[in-house]
Amino acid sequence: MEDTKMEDSSNQREMSHEEMPETHSKGGLITMPFIIANESFEKVASYGLVPNMILYLIKDYHMGVAKGTNILFFWQAATNFTPILGAFVADSYLGRFLTIGLGSICSLLGMILLWLTAMVPQSKPPPCDLMTQTCSSPTSAQMTLLFFSFVLISLGAGGVRPCSLAFGADQLDRRDNPKNVRVLESFFGWYYASAAISVLIALTGIVYIQDQFGYRVGFGVPAILMLLSALVFFLASPFYLKQQASKSLLTGFVQVIIVAYKNRNLTFPLPNSTASYHHKRDSNVVAPTDKLRFLNKACIIKNPEQDIALDGSAANPWSLCTVEQVEELKALIKVLPLWSTGIIMSINLSQNSFPVLQASSMDRHLTKKFQIPAGSYGMFNIISLALWVIFYDRAILPMASKIKGKPVRIGVKLRMGIGLFLTCIAMVVSAIVENARRKEAIRSGFQNNPTAVVKMSAMWLVPQFCLNGFAEAFTAIGQTEFFYSELPKSMSSIAAALFGLGLAVANVLASVVVSIIDDITSKGGKESWVSSNINKGRIDNYYWVLAILSFINLFYYFLCAWAYGPTGRQATKVKSIAR
């Protein structure tokens, strides 16, 4: 009997290995260095181009501050929006491997084109004539080459960033492994740590190279790093577990909206009639909720024989949706007001150009021989965010839990509110510091010389970066946690994409704000607040406008938080107390 059992068990093991040769022979920890290196090199290369780009556009392309800033806002908006398209394409058509691969190639081509604008004199306007004080504007062909490089870099980011984390998780996700959760947790930790380190290297190392060796070398290094990123990723191709594309959630949302519109004239079934609604087999949700009731018409079964296939699914998903699809869309619509409250903070965080111009006109020396590059002060944002997360997780919460004698955590809505308040204070500090810098420049006789360095340390800019870092730690991380906890588990990819979408919308709105302020304040021949000469302009007033908008947004957040009601965890707690 024992011999028979051993033979059976060995046969079962052999069968299981035969059934899943692909799953166990592909993926695993061996693929992690390649995936993380691909994402890290891409981040160092792309993030390193942003801080000094305003200086490149002003000095080499002879653009005004307002025009250059608007171009960068739109570029950042595209870079933040394309990951949503990338996630859709990966989920629905190409799969993650191909999407990352094509994204890496697009980024590489974009960076090579950008490097060529620095290497080939004919690709940009000639230097300004110092005798006549005149500068030639870039031609249409020169601007097209520049914009095409930006577009390719944004498309590349759209392919790599939304898929890299999920593709890495695909390689490690073994549901039959008892240590599966711990392995995934470790991977996520290393992934985010490498992302933070990559951004720091970009804001320090790449920016320093651009300052010291010029844009020919400064743009060449990111192109080389992107080449390494693509090579490293494709090198491990035989080892990857490549899952096929499946149906995208975004497609499901569009189907619900279209089917609900098609069925707008249908009458609703009786209140307790669940048989009239289409749902997945063995689903706990058999009827839609009454909220946003007009969407419920998307899952009403009109003719069971025509609408339902033999396997129980919809015969035509563009004519009948499931209850689950309808409820997923409702959950997304419900969180959108609170999502919108983070846009103003993202506008504040996207103010990269003006701080670089301010820093370049201030004393940046730490020692007699070393000075911090003007584009590197954004690193204080990242450093303060990382330090707060570590301090909060490892010191504040354990200490509070020890004092209380039970686990303590700050509610997610409270954290979001604290972050929005801190970004208000950051803008106030920004306005005060810029006002002091401008007064010092005028006092020193530099009103007509925006490139002159005033006797004021650029370290005065650090508090505003730190405050914005703390604000991002509270609101951005809080929002992401809020989306993950409030949206259904099947919508985790949407939860991750919402913050990026907020950044994209913020970049577009930031450009609109700059354009409006430039148009209004320059009327009648007056000097614009966002003038190319920052000593004549009033960037401090621009910051005050953002501070006022931030305070208005804070009250808007209070209204949205109140209207939303308790979060999922709070609601569960209230129900348990009631019982």
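Cβ coordinates come from backbone N, Cα and C, glycine included.
Listed in TrEMBL:
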REGION    1-24  region 'Disordered'
TRANSMEM  71-90  transmembrane segment
TRANSMEM  97-116  transmembrane segment
TRANSMEM  146-169  transmembrane segment
TRANSMEM  190-209  transmembrane segment
TRANSMEM  221-241  transmembrane segment
TRANSMEM  374-392  transmembrane segment
TRANSMEM  412-433  transmembrane segment
TRANSMEM  494-517  transmembrane segment
TRANSMEM  542-565  transmembrane segment
Leading contact stretch, 71-90, 97-116, 221-241, 374-392 vs the transmembrane segment (190-209) - CB distance under 8 Å: 374-392
Ranked first among 71-90, 146-169, 412-433 for CB pairs under 8 angstroms with the transmembrane segment (97-116): 146-169
Interface check, the transmembrane segment (146-169) with the transmembrane segment (494-517), three or more C-beta pairs under 8 A: yes
Top partner of the transmembrane segment (412-433) among 71-90, 494-517, 542-565 - counted as Cβ pairs under 8 Å: 542-565
